[in-house]
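Visitor: One structure, as structure tokens, below. Some questions next.
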Amino acid sequence: MSTAAAAPVVELKQITKRFPGIIANDSISLTLRKGEIHALLGENGAGKSTLMNILFGLYQPDEGTIEMNGTPVTIDNPNKAIKYGIGMVHQHFKLVQPFTVTENIILGMEPKKGLNIDYKSASAQVAKLSEQYGLQVNPNSKIQDISVGMQQRVEIMKTLYRGADILIFDEPTAVLTPQEIEELMAIMRRLVAEGKSIILITHKLKEIMEISDRVTIIRRGKVIDTVDTDKTNPSDLAEKMVGRSVSFKIDKDEPNIGQPVLEMNQVRVESKEGVSLLNGLDLVVRAGEVVGIAGVDGNGQTELIEAITGLRKINSGTITLSGRSITNLPTRKIIESGVSHIPEDRHKHGLVLDFSVKENMILETYYKTPYSKGAFLDQRTIGEYAGKLVKDFDVRTPDIETKARSLSGGNQQKAIIAREIDKNPDFLIAAQPTRGLDVGAIEFVHKQLIAQRDQGKAVLLVSFELDEIMNVADRIAVIYGGKIVGEVYPKDTNDQELGLMMAGFIDKGGQKGE
Amino acid sequence: MNKLRKIFTLDSLVVPLVAIVLGLIVGALVMLLGNYNPIEAYSALIKRVVGSPYHVGETIRQVTPLIFTGLAVAFAFRSGMFNIGADGQVLIGMTTATAVSLSLDGVHALVSVPLAVIAGGLAGGCWAAIAGFLKAKRGINEVITTIMLNWVALYFSNYIIRHFFLLKGQNRSEDIQASASMTFLSSIFDNARVHWGTVIALIAAAFFYIYLWKTKQGYEMRAVGFNQHAAEYAGMNVGRNVIKAMFISGVFAGLAGTFEVLGVFHFQSVFAASPGYGFDGIAVALLGMNHPIGVVFAAILYGGLTYGSAGMSFAAGVPPELIKIIIGSIIFFIAAQGIVRFILKPFYLKRKKEKVL
Amino acid sequence: MDVLTLLGQLLNSTLVFSTALIFTALGGIFSERSGVVNIGLEGLMIFGAFAAGVGTYYAQEAGMGSAAPWVGVICAIFVGILGSLIHALASVTFKADQTISGIVINFLAAGLTLFIVKLLFDGSAETPLIKVFHKQAIPLLRDIPIIGEGFFNAYPTTYLALILVAVAFYVLYKTPFGLRLRSVGEYPGAADTLGVNVSRMRYIGVMISGALAGLGGATITLTTTSLFSHNTISGQGYIAIAAMIFGKWNPVGAFGAAMFFGFSQAIRNYVQLFEWSRSIPQEFIFMIPYVLTIIVLVSAVGRASAPSALGTPYDPSKR
């Protein structure tokens, strides 16, 4: 496929985009040839998304030009991009939940019969597209009722319905199982075979090696290199992406496992509507080990954490911490009995963004001495404490009075980790702790988790990144349909087996790690 | 990012000031369109406010309930809620103070007045806490419940006054003997109706500031106000804070009503429609950027304009409704800060350039 | 009076009270379905009631006779749209807090309308009495028991309101415009990336709410009060908001809720007819609709049906 003969369909020439304080894209050039899959590799924050948003008309470049089939064009809104045959499959799906598949696809380009939307012909068109590309999507399902993998296909169909020839996939595999990733790659191959061209934004080397024809690596807004995939290798790509040689293996000793800390026994949780969210879940995490929860988003991970931390009441079952029951205790009691929690969504749960860094550091301890004396806060002690944490955990902030909102994602996460670890918990929950962070910050987080384990703490790591689970966890528990369907050790398993378990095809039962 | 923050803190003072100027300009334009002389009108307004000790005293009287209701709305705002129901809470406070005072007829004022004040404040607080409770327990939007409770308060108050305390043949309660007037100041202010409520209002503003920014309970309340999810995650009881915040907010409003009765009118009318104290409070809170000091100044501005409007009406013939237009415009410019920033843009740019040079 | 006649009359006066609420609640739906909270409905009704009063008066003076109220209606729609543009400008273009912006509308409406009335009518705080609509019976249909008296002997505005319920439903759920409007209220980011202009849709939504709330205000002037004064509109806009929420942001639901509120207004006059009910203090009767609203909110209506993006200004950079 990567014949040099294929003509360029899109050429980005010397694109520069500045935001207040940063240059997101610094004179970036990129050529997409007809019929190729061109990977765009870079860390979080390297400028990949900005570049693609420029191509899709969501941002305007400050300098540089875009050429389509040799002619310079101005793309100043998504409508124009759509007109030029560019389609984007967004990382966070742009789907209206209460609408049907068909409604989502036709929105903005509705077939009409008189004044009405012609739903009949719309559904027929959607069904036809689905068949042509082997997507198996039901046109009349509501988005809120279909799986994440299916939702992504609807995103793809939105671009196809608009006749896109150039498809941009933004981190498409972030939330898929290994099997779903395989299926997605098959779909991408079929698209290319039908004459489409694809830009694949990702930071996953494995996928790039498997599917792309060429790779462009960008770092801090600049193009580092463009190479043919078959003339490179993962470690070379990684070094170009990060700017130094990196090892994705984590140095860690064998775990020194002690007594059970967290024990969950037949935990059941139902939603208000009576839908079963946790379905008789058993889990044990012992002192000195990291247990990784692997699973596809929406299989009960969030509810599992909420059940442990008291944010959600459980309907039946028991949860104990070092032998004492914490079942359905208020959150504060659970925190006080030694649970720390690095939450999944740092903006929603982890921080009060409009509070200063200082105020955020005492979010769970403000009412205790020495931070409060009587009814009043002791500002001085709090300031000293926050200053110490900021220093110890290398949180980069102008000062401790700075609003948490204005910190970078990595530093916000560091602030949370500092606060949670400094409480010296017996049990630490880390949910998606590296989401959206760059490699340096990811390494920092992983080291902290391992250090906690080595100090004899029990650590629960919940992540959608299988690589992270495989590297950091000492034992992996796979969650599917609200229960643990199997437990394995990283050295005894592989992506394929985990993937099948995550999709519910293998049920090994809860082994409690024995 | 840093630059943005600096502009923002500057804005917190500049924007309201510019908005006030713009609002007064809008008022002047409306007057010109109506063939009035804005300069004449505005000077008549000012003359009325500061013209004599009596008028100064009466302006203070006008400002006092606005401080209370402004604090009420601002306090709820800071805790993440929109208390549109200050109006009803004022009425409930008023009615309770009236009922307590009339029931304690003959008891010494040193006993009955404090009792009436405490009862009026608590009653206002409890009334507001209903909306807080419904939000905490059932997740019902407080905007809707407080609006509904305003009417319930209106009719309930009328019921109490008409059935238990009616002055025969009149549409108002009997006269209240116990008074919170500051009679020792009467000579200074030429018998204007100044009362202890003003002092209490300023104390309430101080309490607002200290409670919210210096105590651990206030810390918790602000956390809940900014981000309920994070507060919950951190083990705070969000529901309890919501109820508590509404209660305190309602106490402020209740005190507004209490002092209107005990300090100003010394009786309570049967109201045909909402007296509108609460809606004025919303305006004051927004003008004061939901900060207690801001609220005090905003109340002085709003109260001054309102009291002065009578002078404007008398001297220049301008209908007093103009004040509502001015206040509405000021809030519009504060809410849509983009407009103010747009107008200010050339100035900011100039300043930046100067710094570079 | 026999029961059938009584029921018919009760239904009839329910509709009289409901009509303005139906218009206004429908307007609220268009605004909120596009993602813009509209607490300014009260103010927009004031604008409408005012314009209807003034417009009809001058049309009458110009000798337009029985067509004069229709001129008033058109003025009300026009002024309602103008008022709503202030709300749209602040909350859509300048991303102001939508609730605050709505309150601004209520302030401005209360001030501006009375100011102008005093200007036009020599300092009088109300317009002169004007010609208003009369009930018009529809032949044959009005002979149906209960329903005939209830539905088919009504003001022209009532017929219009009933038709608009169906039209609103059709527009929202069957047309491309409706699909786009709702998508903008649910997930503006999705609509934007498909080339739907979020700001334009929201402007249109808010302007429709202005037109319909204006019509709602006009209805009160032209069927109930016969003039405009400071208390022509006293809270009906807020009740319309409640009706919209009750009705789960759906035109048919809002119609039902508006009928419920209309009914609890109408029943006031009928309670006096019975011996047993006369002993209840009238204040408690007046409270009924408001207390019932709270009770219904407590017992049923989830918030799940509110448009997901309601109240959030759309900021493309935060996509």
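Cβ coordinates come from backbone N, Cα and C, glycine included.
Note that TrEMBL annotation is computational and uncurated.
In case it's useful when we look at the structure, here is the feature table from TrEMBL:
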- C:6-29: transmembrane segment (TRANSMEM)
- C:36-58: transmembrane segment (TRANSMEM)
- C:70-90: transmembrane segment (TRANSMEM)
- C:102-121: transmembrane segment (TRANSMEM)
- C:154-173: transmembrane segment (TRANSMEM)
- C:203-225: transmembrane segment (TRANSMEM)
- C:237-263: transmembrane segment (TRANSMEM)
- C:284-306: transmembrane segment (TRANSMEM)
Visitor: By Cβ distance under 8 Å, which residues at least 6 away from the ends of the transmembrane segment (C:6-29) in the same chain are close to it?
Guide: 38, 41, 44-45, 145-151, 153-155, 157-158, 161-162, 164-165, 168, 172, 208-213, 215-217, 219-220, 223-224, 236-237, 239-241, 243-244, 247, 249-251, 254-255, 257-259, 261-263, 265-267, 269-270
Visitor: Decide whether the stretches the transmembrane segment (C:203-225) and the transmembrane segment (C:102-121) have at least 3 CB pairs under 8 angstroms, with pairs required to be 6 or more apart in sequence.
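Guide: Not in contact, no.
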Visitor: Same-chain Cβ contacts of the transmembrane segment (C:36-58) under 8 Å, 6 or more residues past its ends?
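Guide: Hits for the transmembrane segment (C:36-58): 20, 24, 27-28, 68-69, 71-80, 82-84, 87-88, 91-92, 98-99, 101-110, 113, 116-117, 120, 127-128, 130-132, 202, 205-206, 209-210, 213-218, 220-222, 225, 227-228, 232-233, 235-238, 240-241, 310-311.
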Visitor: Quick test of the contact rule: Cβ under 8 Å, at least six residues beyond the ends. What residues does that give for the transmembrane segment (C:70-90)?
Guide: 31, 36, 38, 40, 43-44, 47-56, 58-59, 64, 96, 98, 101-102, 104-105, 108-109, 130, 157, 202-203, 206-207, 209-215, 217-218, 221-222
